[in-house]
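So that you can see what the record holds, here are the features copied from TrEMBL:
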SIGNAL    1-26  signal peptide
TRANSMEM  221-243  transmembrane segment
TRANSMEM  287-311  transmembrane segment
TRANSMEM  323-346  transmembrane segment
TRANSMEM  358-382  transmembrane segment
TRANSMEM  388-410  transmembrane segment
TRANSMEM  445-467  transmembrane segment
TRANSMEM  479-505  transmembrane segment
TRANSMEM  517-537  transmembrane segment
TRANSMEM  549-571  transmembrane segment
Amino acid sequence: IMGSSRWKVAAAAFLAIVGSLLPVDADEHEHTYTDKEEVVLWMNTVGPYHNRQETYKYFSLPFCAGSKKTISHYHETLGEALQGVELEFSGLDIKFKDEVMQTTYCEIDLDKAKRDAFVYAIKNHYWYQMYIDDLPIWGIVGEADENGEDHYLWTYKKLEIGFNGNRIVDVNLTSEGKVRLVPNTRIAMSYSVKWKKSDVKFEDRFDKYLDPSFFQHRIHWFSIFNSFMMVIFLVGLVSMILMRTLRKDYARYSKEEEMDDMDRDLGDEYGWKQVHGDVFRPSSHPLIFSSLIGSGCQIFSVSLIVIIVAMVEDLYTERGSMLSTAIFVYAATSPVNGYFGGSLYAKQGGRRWIKQMFIGAFMIPAMVCGTAFFINFIAIYYHASRAIPFGTMVAVCCICFFVILPLNLVGTILGRNLSGQPNFPCRVNAVPRPIPEKKWFMEPAVIVCLGGILPFGSIFIEMYFIFTSFWAYKIYYVYGFMMLVLVILCIVTVCVTIVCTYFLLNAEDYRWQWTSFLSAASTAVYVYMYSFYYYFFKTKMYGLFQTSFYFGYMAVFSTALGIMCGAVGYMGTSAFVRKIYTNVKID
């Protein structure tokens, strides 16, 4: 009986964890109301306008709440907890279709400490965010006069709510009642609610928050077209150069095969065929290399699936749904990581496959969680809403140990058994061939540095739009563009790494595995360098918290992008190398 009860508790905990990842409605309502039914105004966060991620609880400023205390229960998702959503009931009594004239709901006893807090918020351009039926509303705390000497607080929240049938489809806030902040006075806070019929459909109610003039600007379309033309040109160029060159190589090698040893020009033996006995030699540090390839394949799968889901489901309409979906998909695609990482490690003769599985499974989660926990200490010091609760940390750790690790184990076992045999077209020599000297621009280090320029150029413009949607007040919704950019990035990356690998092999350097991975992954270095430019020239961010948050998570984003590009580049190059050595006669 004790054993069965433990299993029930464990099963319930697992279902609760997995269930919390799924995008769900933000509250118990189904977004439908009857007349005079309770409508909850949630106060979310407040913070400086130029630091979007530096947010605090709304009532961390000395605002007062309304008199209403009892409300229906609220369900928070994992994505909301990780994004710092701090919904607190405003205390305002709002009922569906029930208009409220200007009514005082509380008074603030403004002593010197409270005045100083409001003055600091006004000087730093603090904004606050509220929600009604999942629709966000933004308001400004106050403003200063032209001289910056007197500061004024907005005290009157004028709400205008649009409805279509039994659904709320529009919310507007007008801040009025400007009151000068004078110590030791009482400030009355008031609100009013006006209801109006609207022709907006419920499915289209988020359209007002989107910015088509920004995301569908001619520059955005032109960048996509430009990148697409780059792909056509690059694919054509690669095909023409490699096919012509390889045809000549095959003809020369076939001719040499038919010659006698005395007739063969020994001084002309050079090129990629000469390293056939070493080209399939295991890479250096195969355990780390295979773990990186497996993680990169998983990141690519997650990116592809999440973009498709976002195109179909409009994830931007629900708080935290994008992050929750990404975590759920990442956990569900763990077998991809295990399969590709485990099979590659087995092909390279690796024996410590359990260690490889653990490293592959926890490489990305450890990087993300390590960065998040470091920033979390700063958030706790600032008392910011971005501080991750302990319960959320436990939930994330449980996902890693009880979902990601077992699925990764399944993928590793399948990969080792199904495609773990080293079926190379050439035998590997017992003794490594010495690498001859070559020109400086053919060195792997130079190839790695130059390999990421073209892939970065293909996503350069899209990075600006993605950065602006995440670090500023824009909602990214053009996921069709993102899908095109992902496809273009993969094609350009594969073409560039194939060219780099061919030149490397032609210089009789068989160290192509790490070179192909790192030349594609160097795209991340350029993206991170661009993030510095964006921070200093495109934003007005300031402060330790926002700076550490920005550069910490940009490092995580850039590293994940680099691992994904490296894996894509290696997989394409591996297919190319296998193909050319399969089609040539080798003694």
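For all residues, glycine too, the Cβ spot is worked out from N, Cα and C.
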Beyond the flanks of the transmembrane segment (323-346) by 6 or more, those residues with Cβ under 8 Å of it: 18, 20-23, 77-79, 82-83, 286-287, 289-291, 293-295, 297-298, 301-302, 305-306, 309-310, 315, 353, 356-357, 360-361, 364, 399, 403-405, 407-416, 418-421, 567
Do the transmembrane segment (549-571) and the transmembrane segment (287-311) share at least 3 Cβ pairs under 8 Å, sequence separation 6 or more? yes
Out of 287-311, 358-382, 388-410, 445-467, 479-505, which stretch touches the transmembrane segment (517-537) the most, going by CB pairs under 8 Å? 445-467
